[in-house]
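Novice: One structure follows; several queries about it will come next.
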Amino acid sequence: MKRSEKPEGYRQMRPKTFPASNYTVSSRQMLQEIRESLRNLSKPSDAAKAEHNMSKMSTEDPRQVRNPPKFGTHHKALQEIRNSLLPFANETNSSRSTSEVNPQMLQDLQAAGFDEDMVIQALQKTNNRSIEAAIEFISKMSYQDPRREQMAAAAARPINASMKPGNVQQSVNRKQSWKGSKESLVPQRHGPPLGESVAYHSESPNSQTDVGRPLSGSGISAFVQAHPSNGQRVNPPPPPQVRSVTPPPPPRGQTPPPRGTTPPPPSWEPNSQTKRYSGNMEYVISRISPVPPGAWQEGYPPPPLNTSPMNPPNQGQRGISSVPVGRQPIIMQSSSKFNFPSGRPGMQNGTGQTDFMIHQNVVPAGTVNRQPPPPYPLTAANGQSPSALQTGGSAAPSSYTNGSIPQSMMVPNRNSHNMELYNISVPGLQTNWPQSSSAPAQSSPSSGHEIPTWQPNIPVRSNSFNNPLGNRASHSANSQPSATTVTAITPAPIQQPVKSMRVLKPELQTALAPTHPSWIPQPIQTVQPSPFPEGTASNVTVMPPVAEAPNYQGPPPPYPKHLLHQNPSVPPYESISKPSKEDQPSLPKEDESEKSYENVDSGDKEKKQITTSPITVRKNKKDEERRESRIQSYSPQAFKFFMEQHVENVLKSHQQRLHRKKQLENEMMRVGLSQDAQDQMRKMLCQKESNYIRLKRAKMDKSMFVKIKTLGIGAFGEVCLARKVDTKALYATKTLRKKDVLLRNQVAHVKAERDILAEADNEWVVRLYYSFQDKDNLYFVMDYIPGGDMMSLLIRMGIFPESLARFYIAELTCAVESVHKMGFIHRDIKPDNILIDRDGHIKLTDFGLCTGFRWTHDSKYYQSGDHPRQDSMDFSNEWGDPSSCRCGDRLKPLERRAARQHQRCLAHSLVGTPNYIAPEVLLRTGYTQLCDWWSVGVILFEMLVGQPPFLAQTPLETQMKVINWQTSLHIPPQAKLSPEASDLIIKLCRGPEDRLGKNGADEIKAHPFFKTIDFSSDLRQQSASYIPKITHPTDTSNFDPVDPDKLWSDDNEEENVNDTLNGWYKNGKHPEHAFYEFTFRRFFDDNGYPYNYPKPIEYEYINSQGSEQQSDEDDQNTGSEIKNRDLVYV
């Protein structure tokens, strides 16, 4: 609410005001005016209503809002008026007989802390109507007598609030700010009514935070805001020197009001209503920032005062900044005063206590009031505090001198908005009201009335900087607040703005404060008895007068925006808090109080730094460790490779899982198992699936296998017979050197081979059980096929009988068909890649040139930036003289294309001969699965004729013959082939457009050549025409012997691998990403016993096939038995 706005429910109770000109009327006349203004005061029937009116008036008093400077020039006159009024205020009709009053009411009121004379007079005036009426009367009387003001406020609340335990309040010695207007007498609560009003309701803990704030409706509150919180009113007006205090620098860009005029509240306190204060209060009243009361949660004493819901903590509000003399104190009355972000440090306790004892200049020792420092520094201009002046006069000794705010009022720093930030445990400071309550009894009688020692947790403004008595000890209970000392006993959470009080020139203790000012140590002054010996204000300790207000040089910086978001900059915070902490031993008491604040805050300091620091400390051990991690940093391309292949394999695994489940269901249906048996089988499959997922993550290495013998050596790998260490099972292990795969650009081919071997779920393809890799090599662990390959058999036999050729070609047709059904093209069907198992049936192997037309099978996918390397399907310079290449002439394309084709001829690539490769593959004109049927025709020719149809001296000539197959293909008559065999060869070895098999393998199966083959039955179940001879499980006699010179030696392997791979790494390449998703483990791996244990050759031979193919059903039923598994396999 803007200052000039009138809150809802505003009542025109604006008392008479004094003229702006110098006041020259006599004291008697002034007293008359004041009395007239008092008659106009509203008289609410009950305290709550009065409080409500108070809140309205206090927050709405237009005089306070709009004419704050009006009395700025009347300090001297007001002081004179005060002096003249003091005798009247002190007059008590104690002579009246108590017989005229209700003894019970008298006793209750006295118990509440009211002076006997005051109570008797009130009861007499109200005809013993009710305690509330008496309290209301006392409230009016308190306008005339400052000491009564505090007692009325302190005592009335407990009574009206049914003496709620939470209503423990401390009387605040407050000097009435007799500005000559009843406005100054009326509690100036300009905030929203009760609920929102900063004015503390009688039940509100804040009401006590308005230390001495009178009952609502009573003018006491007005005085409370402006007067000492000791409950004692300093009757003798302070000398006019009070004016000497220069106004503090205007907040945030406001020009300082002329001296002697009370500037309107700072812009940051929109709702603060400047109150009229007595001349004494003209002194800068320490700006009360929303400092959380004493120890509440987190060490702050719980808000002892029963915070009435009417007075919710004003979290958004900020305390009042110190206002210099001549400047109206900023009254934080409206709960909307300071809508500090609740996140503000000051709001950490949830109460943005704008209520903070705005009236408190001095906080009792027990009170730990955290008041965020004003955004601007207090200047030494506030030469003498009203208390200092008063000490010189009849006023009670001020707890702070020279305009310096009492330690309780002092704010450690902007960051110390919460009690936890302040050292609630300050030695001298009594955080617990109960302690301070005992102090009140000891405190010098400030108001002559002993204010009940309700002991709310008194949050004292910890002026860690200003507080010369850094230890709250300075606020000892014995110490008596000066007349101007407003000892605000703020209930733990000050939920309502405290009544306005003179705020000392704001201390630049914000988080952005330039530097921690060198505070002048302030001598601890002994407490002087207040001029009016009134009962000791409970819990009201007098702050010794501050020697001198801190002097800042230059105006403070404006609040930065980030402060409003609870991010006070860390450096200022440290500059303020740390110096006091480090210099603690030598610092004056004010710094000691800051130390106490530091002590309390120490536990939360780091956390606070984390929350308030805008700068994140990056350099820590964890970060360094993270940087030093051994995990390699891969390129984005590597991530692309991994994710593309990983996602594909994850989806594939899911599909395979569904397939296995369906397969099991079909098998159980076919077998006709009972329901219980089916359920058991399903459970077993589920368990096996779970185990499989776990096993797939198990790392494998070559140490798990023992090499027995080398079976063959290829272009960049070798095949050897190996035994698995744990299961003793025999496997054929194919090892590929990564360096050769990379250099020959065979990554795509290896990936394609791995895929087809892993996906192959039929008996025509060698089964892959495991694939894994290490730093240097890739490993395929496959079925060991002891019968050797077709080439070895061809070499031994020379020419096959047509019946044997028919049998093998029929099985080869079925094998190629199975590969095509899986979506692959072998592209390298030749006798070397056809293996014969122990029962004489064939299996396809070596899918190094196989492709599935997948992006992972494309060599270009694995090439980055360099010029493209040629794969094994390109022409090799070993084929002949490159100058004889006629690719350009033959293709007749653009010259660039011809040049590229010629480069292919020059490129190193294919190892071996192109005898079995279809012409479209060599020409790269585009090919389909039909290219494999070409190879079948060539193999049939070789079986029956004894040599390939396109045999030549060099690979290049062979390639030329293949390309010119129309003229080079001749079936020699001496071979004496049957017309069916010749016709089949001719129909398979022709152009793809009319090649047999174009419409599927059935075309081939229907050819007359296979008229004696029953493709409808499983060929593998038929007896083979040739059964290889196997003498023992590790018999390798069916394989051609390996040249010892070509054998891999471990030493050479290490040297070659290291040299080659080091070269790759030196060039900045990371080829390892080419082998992502290479690892594989078969679901049905025969438990590691593809052939069981070695048995007699005959027995093994008979049951070999069954043992190779696993049956999930049998596997689950027989447990360790591994034979006859042919139902479920992958």
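Note that Cβ sites are derived from N, Cα and C of the backbone, with glycine treated the same way.
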Novice: For the candidates S216, S278, S404, S633, I need the one that Swiss-Prot annotates as phosphoserine.
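Specialist: Out of S216, S278, S404, S633, Swiss-Prot attaches the phosphoserine annotation to S278.
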Novice: Which of the listed residues, S416, S436, S464, S569, has Swiss-Prot annotated as phosphoserine?
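Specialist: Going through S416, S436, S464, S569 one by one, Swiss-Prot annotates S464 as phosphoserine.
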Novice: Looking at 365-405, 857-897, 1021-1061, which one does Swiss-Prot call region 'Disordered'?
Specialist: 365-405
Novice: Scan S204, S444, S613, S978 for the residue that Swiss-Prot records as phosphoserine.
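Specialist: Checking Swiss-Prot against S204, S444, S613, S978, the phosphoserine entry points to S613.
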Novice: Between 0 and 100, where does the mean pLDDT of the region 'Interaction with YAP1' (526-655) sit?
Specialist: 54
